[in-house]
Amino acid sequence: MSIYTRPVMLLLSGLLLLTLAIAVLNTLVPLWLAHEHLPTWQVGMVSSSYFTGNLVGTLLTGYLIKRLGFNRSYYLASLVFAAGCLGLGLMIGFWSWMAWRFVAGVGCAMIWVVVESALMCSGTSRNRGRLLAAYMMIYYVGTFLGQLLVSKVSTELMNVLPWVTALILAGILPLLFTRILSQQTESRKTTSITSMLKLRQARLGVNGCIISGIVLGSLYGLMPLYLNHQGISNSNIGFWMAVLVSAGIVGQWPIGRLADKFGRLLVLRVQIFVVILGSIAMLTHTAMAPALFILGAAGFTLYPVAMAWSCEKVSQDQLVAMNQALLLSYTIGSLLGPSFTAMLMQHYSDNLLFIMIASVSFIYLLMLLRNARHTSNPVAHV
């Protein structure tokens, strides 16, 4: 029996449309603000407002899923995101856009928690790695296609908002034709995010999500700046970023399958070691294409494997809370990593980007090497 059931395929189809909209807005909002001559610090504050919304949305969604179920939570999340999109057209200004980007951030985080939790509840410990790999592939493909759309269509604010909003609403349609059952309904016990973060046997997965946030946040946010400082043109920067993201897409399925077959611990160790090797290779300034490719293939696949590690340590009724904890950990890493790394790069050297990535990866590798035991019969099962 295929793990890609009808509900899973419809869920991923909706996610693809929503990810297209997310990618387009995340690219164009800073450009629209710059066009309105807002100072750089205000553009940064609007971006921070979006990520703050991500944190709030992550914390809220577990309660909504418990009360409304997966389908209605997904509809609500999409409508919140659509409202955050439409609101941008009401008034252009710093405070207005801070508010609407916060709303959009809440909606996006709700979408991610609902989709990830639904996939984890749909799978078992034996196939969850492949389900999460498919999720990440769809996410990165949607991001890539969103960037392609931006380069091919008019980027005027009032031209973009109608069709982006239509994409968001279209993302609701697939789930109207299926129902994703929440297996938490049998349990009335509420599981807190804090208890999941403190769960000793899942700590390596939580730490992995933090490290993944630091690595991906730094690569996404600071790699273009690094390449620019190396004298690479804007068009070539786009090419190298495409190499990085493409490697992440290509690596998802085989690494997810390997994690299901050989265990998360072994695969995580190899991934982290490869991230360190890729970072060192980038510091040598030779063979940038293979160095970026292996860095992308290993770095962009850390998150789903670390998630699968933690989720096999908890019972079925704790999966949603665990997913919230993992997404929260990733978000914190993606906020703190680029900020700290950017300060180091500004005051010392651009090479600190890869030194930082290699350093945090090495610390995580030591954690993984200390834990020689991997539970062969996980708690979570169907």
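Note that Cβ sites are derived from N, Cα and C of the backbone, with glycine treated the same way.
So that you can see what the record holds, here are the features copied from Swiss-Prot:
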- 14-34: transmembrane segment (TRANSMEM)
- 45-65: transmembrane segment (TRANSMEM)
- 79-99: transmembrane segment (TRANSMEM)
- 102-122: transmembrane segment (TRANSMEM)
- 131-151: transmembrane segment (TRANSMEM)
- 157-177: transmembrane segment (TRANSMEM)
- 204-224: transmembrane segment (TRANSMEM)
- 236-256: transmembrane segment (TRANSMEM)
- 265-285: transmembrane segment (TRANSMEM)
- 289-309: transmembrane segment (TRANSMEM)
- 325-345: transmembrane segment (TRANSMEM)
- 349-369: transmembrane segment (TRANSMEM)
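Residues 18, 21-22, 25, 29, 32-33, 36, 38, 42, 45-46, 49, 53, 105-108, 110-111, 157-158, 161, 164-165, 168-169, 172 of the same chain, all 6+ positions outside the transmembrane segment (79-99), place their C-beta atoms under 8 angstroms from a C-beta of that stretch. Take the transmembrane segment (325-345) and the stretches 45-65, 102-122, 157-177: counting Cβ pairs under 8 Å, 45-65 has the most.
Long-range Cβ contacts of the transmembrane segment (131-151) within its own chain (Cβ-Cβ under 8 Å, at least 6 residues beyond either end) map to 3-4, 8, 12, 15-24, 27-28, 115-116, 119-120, 122-123, 242, 245-246, 248-249, 252-253, 255-257, 300-301, 303-305, 307-308. Same-chain neighbours of the transmembrane segment (204-224): 196-197, 237, 240-241, 244, 264-265, 268, 272, 275, 295-296, 299-300, 302-303, 305-311, 313, 325-327, 329-338, 341-342, 345, 353, 356-357, 360-361, 363-364, 367-368, 371, counting only residues six or more beyond its ends whose CB sits under 8 Å from a CB of the stretch.
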